[in-house]
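Below is one structure; the comments refer to it alone.
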Amino acid sequence: MASIWEETEADGLGEEVLKMSTEEIIQRTRLLDSEIKIMKSEVLRVTHELQAMRDKIKENSEKIKVNKTLPYLVSNVIELLDVDPNDQEEDGANIDLDSQRKGKCAVIKTSTRQTYFLPVIGLVDAEKLKPGDLVGVNKDSYLILETLPTEYDSRVKAMEVDERPTEQYSDIGGLDKQIQELVEAIVLPMNHKEKFENLGIQPPKGVLMYGPPGTGKTLLARACAAQTKATFLKLAGPQLVQMFIGDGAKLVRDAFALAKEKAPSIIFIDELDAIGTKRFDSEKAGDREVQRTMLELLNQLDGFQPNMQVKVIAATNRVDILDPALLRSGRLDRKIEFPMPNEEARARIMQIHSRKMNVSPDVNYEELARCTDDFNGAQCKAVCVEAGMIALRRGATELTHEDYMEGILEVQAKKKANLQYYA
């Protein structure tokens, strides 16, 4: 018995218990028993409430799952409103529950061209919504169930180049100055943005590449796309000329919107002269539509800031017919000229295109370059292809200097025939 009291004293309650009488101890014990019973009943009540709440949550989850069954009705968010019922209190007996709600409300327009006001937005957080968003709503209650990805024209999505081009700067001969200018205007602002910030200069918004056909404009754009990790959108000028009014301008808007979403990105517009010709008075609807498409392009070039990771590369071989508004500084800031290759460049181009061929050591590229006066880069490549076909025709295992000379004669004959044909 003494050991029990010693343990109690060790617990810090011994002195208090020793001073109490037996009746007081019995009374205290009864009080503790009643408190324990009350606590047990409280625990039981809370457990029942918890189970009831879990059942309710499960029931609501099942209802949400039923409501979220596809298909959704596609809608657009028109406006988001802050509603406070205290601002519009009026005397009256009839009080609508929805009118007493506080917080964000939404106005949506469905694909059936009906407009609805939603006092309860739905399962999407109001902070994540903004006017113009595409959402999926329940076809009966019109509650917003999910946000949908932004809708772009399927033709614009097809413009995105998924497979990277394989060209490299080393595959381009005689264009060292042009490569450096393009890298400074397009690649450096994307990969080394801090260099421009340290100097406090604004990088160019875009680049215009111009020159005769076959001088390597598109080839250099493909090499630039291969060397950067940016999204590459390739537009052709004739693609933007559409039959319906406003269709071409919408393509331009969607292309720039997609480029902004997937930034950093490069937009390459080939054959810019298809839509960028000088404006003139015309009564034909087709001419006016082309001019509207160009005006939308001008607007988009002015719309994004230079520090945004969206760059434009345009290419044309008729810079003389382009509208002056396209050529002014602030839109296509840097103009890069692609001249006809000189003798050294022609020799380098033929060397590049002969790298993978089985070529005899006696081939003199400098002499070949002297024989190909007024040839552009594409014709120099055609000489290499023709030389290979001539060697194949005679059953040779390697290309000789004579094969290249015959290839030059073949290309010159085609060139003269083409000139006579167009004359």
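Glycine residues also receive a Cβ, built from the backbone N, Cα and C atoms like all the rest.
As written in Swiss-Prot, here are the features:
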type	residues	note
BINDING	Gly211, Pro212, Pro213, Gly214, Thr215, Gly216, Lys217, Thr218	ATP binding site
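Structure with Swiss-Prot features highlighted.
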{"residue": "Gly211", "record": "ATP binding site", "CB count, 10 Å": "19"}
{"residue": "Pro212", "record": "ATP binding site", "CB count, 10 Å": "13"}
{"residue": "Pro213", "record": "ATP binding site", "CB count, 10 Å": "12"}
{"residue": "Gly214", "record": "ATP binding site", "CB count, 10 Å": "20"}
{"residue": "Thr215", "record": "ATP binding site", "CB count, 10 Å": "24"}
{"residue": "Gly216", "record": "ATP binding site", "CB count, 10 Å": "25"}
{"residue": "Lys217", "record": "ATP binding site", "CB count, 10 Å": "26"}
{"residue": "Thr218", "record": "ATP binding site", "CB count, 10 Å": "17"}
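Under the three-state DSSP scheme, Lys217 (ATP binding site) falls in the helix class. The record gives Gly211, Pro212, Pro213, Gly214, Thr215, Gly216, Lys217, Thr218 for ATP. Within 8 Å of the mean position of their Cβ atoms, the other Cβ atoms in that chain belong to Asn317, Phe338, Asn376, Gly377, Ala378.
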